């Protein structure tokens, strides 16, 4: 009985065009009930699509699934050249970062919730990417701008952001590394970025997870003076910034210490890292142009992760990942 009722309707459904909203640029969210003949599938519902952060070349979006779940999502938009793009997203995700965008450009994003390969529900939003900003701000000037950290916070967006970064201190020095600590008396940051110049004058940047309050900077040269600039980021926007200056210790001193008191070195370079252990790396989903990976941390915690691989042209790629994450989509 019910079969004859459903059959003619469901056969017409697959004929719908794949890039549904893109040609018309019209969100058809208002009446997603019109597909109600598919009642058994229709229990999954997409909530509001919000922009959680923007940078000159990326946008982070968030959404909710008040009723669900969905097997997967797909995000569709047109790039700055007007070409349609589609980004496949795992069904467990509730946020995505869309990379490779152009600065100061308005984009319309359409998020579809899929069950199997059928699009069940759809929400849209608009976002404008940030203007171009010089990425390596302090590296050119080599001037610590520590005196008034409030200065930068108030000008950029004090209203939406009350995160404060303070007191960048040196907690340990060796001939080839420096350990730094800092505090966040107010608010919280998604991540940090430490910038400095190496002994050859090349600018270096070290991404750090947002829960970290210390970092060990490896690969330095003995008896060399370094300027470190630590930025607190929300999304990809630098909100606040502190600086400090450090001189590494002399190379030969440690040689003798190492033989007499091996304890001096182990707390810095071995004991801390050794407590953190990475579990198995698993592939959780695959599409023609992306892979989602998952891993566990059975012991300890890491400041951040770094995923390295070679692309189809054999070029090495590196993807920095926040220390709290346990999965990543490689687009």
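Each Cβ is built from the backbone N, Cα and C atoms, and glycine gets one as well.
The annotation region 'Disordered' is assigned in TrEMBL to 1-40 (among others).
Feature annotation from TrEMBL assigns compositional bias 'Basic and acidic residues' to 25-35 (among others).
Under the heading domain 'Fibronectin type-III', TrEMBL lists 45-144 (among others).
Residues annotated as region 'Disordered' in TrEMBL: 126-159 (among others).
Taken from TrEMBL, the feature compositional bias 'Basic and acidic residues' covers 137-150 (among others).
Residues annotated as domain 'Fibronectin type-III' in TrEMBL: 164-253 (among others).
Here TrEMBL flags 248-272 (among others) as region 'Disordered'.
Under the heading compositional bias 'Basic and acidic residues', TrEMBL lists 250-264 (among others).
Sequence annotations record features per position, and here TrEMBL assigns domain 'Fibronectin type-III' to 277-331 (among others). Each residue in the domain 'Fibronectin type-III' (277-331) has a pLDDT score, and their mean in this model is 86.
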Per DSSP, what is the helix/strand/coil residue tally across the domain 'Fibronectin type-III' (277-331)?
0 helix, 29 strand, 26 coil
